[in-house]
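Per TrEMBL, the features are as follows:
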type     : residues : note
COMPBIAS : 1-17     : compositional bias 'Polar residues'
DOMAIN   : 183-302  : domain 'Myotubularin phosphatase'
REGION   : 1-59     : region 'Disordered'
């Protein structure tokens, strides 16, 4: 029989669990403790921070807190402390040990949440919340019924762990840390290619994709064999999926052996061929003068 608190949950017909996110999984594993780290953030509703509040990232807000909660770890035993739900994580910090035991679970790692036990449950740790994680951690937090803390934590966790289902923003868009670097200048393709020694005698820089007209997923500067013309590149792009022609990704500083990347050729069911594409592959082989073989590897997922 489902708990009287399951007003927003899915009642399981076979147990006294309220399930969010899917069917129950077997087995439980202890959460990984991690030392708390100092950070800045904010409290929900402008509340003043408390000593047992979790460390917060810039823009992170506390949504719900339950005190006198017991975390049931099958390895180190029960730990009593404070359980907090923020806009980014589920955080537990023990209060009954000389060295605090801390469990941090980013909300994006949570796959589903279950209420365990109902109003008639008996036993010290038979009433609480189970959290099932995508990283194989299954965590149980026991609540005391007289504290009436489970409902708030469950509802806040349900909302924040599955924000899109509740029309809430992802934390990535609430994160407010400022960075001095301009992200658009972190990667400079010409500087990176020059670092590898390109252009050189066999490889040149092409600006044919300067306006992303050849391939919208490639950078504007491409390293290609020195004998390839713009017309060659356009013909090859027409024979490659999404225009992803073979371009230089890495070159050995001494042997000049290279790795080039590309998409699959558009062969089709009729086994279509492209002379321009085959000639271009030969140009890549010629640019690797110390090798008489060219290895083509298919890295697509099966």
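Quick reminder: no glycine exception, Cβ is built from N, Cα and C everywhere.
In the domain 'Myotubularin phosphatase' (183-302), the DSSP tally of helix, strand and coil residues is 35 helix, 19 strand, 66 coil.
Across all of the domain 'Myotubularin phosphatase' (183-302), the predicted model scores a mean pLDDT of 94.
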